[in-house]
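These notes concern the structure reproduced below.
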């Protein structure tokens with residue numbers, strides 16, 4: 001870049017001067033692109049961009065006439081690059097690349113003098129817009145970037161035709177884009193979707209969604225968010241809402257306050273990633289298929305109903321199954337991620353429990369929560385049978401006035417004791433944590449599973465039903481092991497607040513009024529107002545279809561598309577399709593060009609005469625503009641032998657007769673127009689052959 | 001290189017023969033991606049790689065859209081360029097070392113259809129005979145930028161004339177990058193013309209050989225005449241066609257109508273302009289460089305004299321040895337004389 005700055009500037013005259021509106025459009029585009037990437041661009045680079053834009057604006061509106069000198073810019077470039085190296089070294093490669101690109105564009109904007117500079121800036125900006133799609137993929141941003149693309153094309157058009165009004169340019173560009181759009185879409189649909197060619201640096205951001213550890217109360221914070229967590233599309237009717245426990249993370253390590261993912265599982269997963277080995281759960285019973293589109297979380301956890309396995313080859317290439325029956329992606333989710341899974345809801349009961357599993361799921365902190373310990377010891381003495389013991393613990397939640405609340409008191413010391421016996425008010429994580437702890441104390445392997453519960457079902461006629469699961473659907477529940485029953489899901493929250501499970505958090509929190517209390521204007525909170533709710537549902541629908549059909553379009557979808565078009569994928573049918581496309585394009589082109597060709601065609605009489613003239617022109621005799629046909633014929637008679645001039649005389653006579661004779665005479669004459677033409681053709685052939693002999 | 005060049009020229013002459021006017025169509029338009037177009041294509045490739053690696057459909061869509069734009073622009077730039085219609089206009093007289101301004105009429109008598117848009121670059125095809133640097137310098141000099149949306153007809157292309165005789169007008173290269181700069185549309189047009197470059201007039205004494213044609217060799221009979229010595233004889237009614245500088249404006253002002261002055265010198269001083277005999281003698285032993293320049297010098301002086309004599313409406317003849325033009329006057333005679341001077345064989349041409 002440094003060297004590029006040094007190139008000699010040569011202004012291409014007044015027409016392409018620095019006061020062209022194209023340059024202003026370029027400046028605007030750069031500003032918009034870089035500010036759309038606000039979160040991943042360094043602030044001082046944004047300032048440079050703004051400076052560049054201001055300089056361009058000042059020059060365009062004639063407030064100022066001089067560009068900064070090359071030497072100043074070189075110095076600035078040097079300093080900026082040092083600054084960039086300093087600040088981007090720690091961040092990722094992608095971050096560095098994007099920042100470097102924006103920096104280079106900003107400097108180029110300040111320095112832009114020649115045509116070459118403009119072209120370089122345009123190309124860089126297109127590339128920058130492409131990079132923008134790594135970070136933002138929503139419909140809004142896509143439309144915004146599309147608009148910026150059109151602006152870039154517009155600036156190019158303005159640059160090459162400086163005197164045309166901008167409205168007319170806009171029309172030209174719109175027509176070009178409308179012509180290009182179907183071709184582009186066709187290419188997108190037809191050209192093969194390749195798998196990644198090499199590993200690329202991913203965008204990284206703050207992790208969102210569920211975390212790998214919970215201290216009771218944490219999920220309550222998540223419940224204040226109405227952001228989308230993921231969407232699931234079912235092939236058939238989805239299971240009833242009480243069965244929709246979306247498993248994400250399993251926590252088995254308890255220290256008296258906080259549940260964490262166990263170190264053993266972490267190590268196992270790392271090992272699995274290294275040797276690419278899948279854990280294979282025992283799959284029994286009925287199953288159903290569905291697709292999930294997960295929102296970016298910058299975490300590897302995926303969501304699925306128990307017990308899920310990847311359902312298509314593409315998903316199984318990227319998704320790993322862990323020994324605690326959860327799915328995780330090989331890379332953290334930096335973009336929306338779509339995967340297909342198959343769930344076996346009854347398979348949880350038929351899994352095995354290894355010695356390590358058992359040890360992990362029975363481990364307890366050395367001390368703390370003494371009242372709970374005493375209480376469990378007492379109960380355990382009373383109920384020797386495991387099932388009876390579990391029932392007895394659960395009865396504690398039913399018999400006592402437990403309250404389900406999003407605003408629990410903070411319990412710092414012995415949280416389980418205080419929750420079970422003093423406060424008796426808490427969120428799902430409190431219940432799950434207390435139950436799992438109690439069961440472990442009673443010698444029953446138990447663990448906490450976090451994920452989401454429920455979701456909003458949307459059924460559009462003619463389409464597969466889908467569910468939207470939002471962050472406020474986050475939930476925690478307990479899994480216990482029974483020697484006969486296998487792993488079993490127990491949700492203590494369901495006992496305390498059945499509404500939470502059956503109707504979702506909104507219903508459960510109606511009395512308390514704490515649902516999304518922090519964001520009073522969230523659309524999700526205002527479902528009582530019918531039209532607002534309709535808008536919300538419409539936007540959700542739009543976003544779902546966008547994710548599913550545009551962002552999630554892949555080679556399988558492509559094959560499905562071809563299948564639905566052709567019925568069966570045979571080489572003949574495929575080649576027929578290709579042929580069809582080519583013919584269609586040729587016909588479109590024909591439609592485009594036909595008027596042009598027809599315009600150039602002259603009447604037959606004229607054409608034949610002109611052909612005779614051009615034959616002479618090749619020989620070097622040209623009809624002067626002032627010569628009439630008869631005069632030219634005379635000249636030919638003088639210049640050429642009779643063998644040549646004779647047919648030409650006939651042609652001339654026929655031409656004169658057809659062109660200038662009275663219409664009525666022509667109709668009544670012996671020779672019809674067609675016969676005349678035929679004769680003209682014959683004489684023309686004769687003339688040409690004689691000329692060749694000559 | 002030269003062989004290729006000659007083939008290329010031959011092909012061009014066949015493909016785009018010289019004409020007084022050209023309507024651009026698929027016979028004479030060349031179109032190829034410009035440098036920026038190639039850059040644009042590499043951008044598409046880069047976006048494709050990036051989009052594939054990130055499995056980012058939007059990036060792929062952008063890539064395909066830009067590719068489609070690239071395709072569509074091919075047609076758009078062709079159609080725009082094919083709207084150009086060029087016609088060569090009338091040229092003023094031109095002498096050696098003058099800058100000839102060739103007037104080209106762009107879309108002058110085209111109506112109905114929409115005209116071409118965008119910037120058009122006009123330049124003469126570079127002459128390859130010269131050393132590269134010189135050719136380049138000339139190249140830049142003769143390039144003219146026209147905005148097809150804001151210009152005044154005719155477009156003047158200037159070319160320096162180096163040699164007398166029929167003007168060798170190199171092909172005019174017209175190029176356009178409209179609409180997006182992705183394609184370069186260009187054409188090399190040859191214009192047929194009747195432009196003769198006259199020798200450069202060099203001021204000198206007017207030497208009219210008064211004697212008749214056969215006895216002109218005696219130098220003593222030379223009549224040294226200064227221009228403007230003609231005597232006024234009488235006035236007569238003005239006739240359309242007579243030079244305006246002969247009109248007696250004073251008489252007109254006095255209200256006596258348009259009358260023109262008549263001069264009496266014409267009958268008295270019929271003379272011949274002559275080329276020195278040694279150039280007409282073709283059997284001279286050693287044609288040398290000095291002789292060639294001397295010939296050019298003499299032709300230039302003759303040229304000056306022809307112009308001067310014609311200006312003053314004198315009757316004179318021109319004797320170039322091989323070619324004689326009988327004494328006469330008027331514009332036709334003047335042009336005939338200048339033509340004869342321009343086409344006088346170059347020294348040494350006969351040997352080749």
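Cβ coordinates come from backbone N, Cα and C, glycine included.
Values in this document were obtained by computation on a predicted structure and should not be read as measured data.
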Examine the ranges A:21-38, A:93-110 and name the one recorded by TrEMBL as transmembrane segment.
A:21-38
Looking only at the domain 'Transglutaminase-like' (A:420-494), what are its DSSP counts of helix, strand and coil residues?
24 helix, 32 strand, 19 coil
Contact call for the transmembrane segment (A:21-38) and the transmembrane segment (A:574-598): at least 3 Cβ pairs under 8 Å, seq gap 6+:
no
Considering pairs 6 or more residues apart, do the transmembrane segment (A:118-135) and the transmembrane segment (A:141-161) have at least three CB pairs under 8 Å?
yes
What residues elsewhere in the chain lie close to the transmembrane segment (A:44-63), defined as a C-beta under 8 angstroms and at least 6 residues from its ends?
18-19, 21, 23-24, 26-28, 30-31, 34-35, 38, 76, 80, 83-84, 99, 102-103, 105-107, 109-110, 112
